[in-house]
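Accompanying notes for the structure given below.
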């Protein structure tokens, strides 16, 4: 599936509504009331007339990898210079996209376009285990993991971030409970992406299990994730080997893009790819839901005939 067919994206400001809310009063991810005094991630249950479906995207990575700059470049079209973004505990930006979902949402009026609101979240944290909480992770639809190509330690941090996302998103059944709700559609639960653990055996490798006749349990699956290497414009100071980075991400079946918030290189592409993954999983989950409803209906008819 190519993400360009899923999204109708334009750089024209007349087609996109951008918003910045920076408030530290409430860092819980519950219901989004479209209130600037409530920094929340979660389901849109308020029939907001501005959009049809809310898609929460959590940006994770070391400090100073450029998460805030990328968010501003994507939602507002500029690169922040001389802006102090590090005192903002919860940095929230959003962008509205016309014709979102590739037919995922069925409108009562087919001539009215579906508006998807991408809400970007950036939590500034001293320790990656501090915030967001497990519930907050599970209320997120997709993740962008950042590293700075001029800072190798930020790249080495990726494995910890991936396992953190894996652990905090999965419930006891290794499923994902994150939802995005629409005014004119079914509630869609996020379906897991079939990625494998970095330590799991790859194709062609044999599993070392000589001491046990029982295979270890499979690791919890990963939600939709895109990894980005920011500051790719700074070629002279690049220390992360792009070939090694691609090999690592390929081993996880996670898309990798080298981007630049400064020059806008591949910024839109990264978000488009993530949205494509989210839409794909929503469609899979909806097909599963319809199949389950059909099975229940058949079972109900059988029970009625037996009476």
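Placement of Cβ uses the backbone N, Cα and C atoms for every residue, glycine included.
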Motif 'Effector region' according to Swiss-Prot, located in which of 83-92, 93-102, 103-112, 113-122: 83-92
Range among 126-174, 175-223 that Swiss-Prot annotates as region 'Disordered': 175-223
Local Cβ density at residue 64 (GTP binding site) - other Cβ atoms counted within 10 Å: 15
Protein Cβ atoms within 10 Å of residue 123 (GTP binding site), excluding its own: 21
Helix, strand or coil at residue 67 (GTP binding site) [DSSP, three-state]: helix
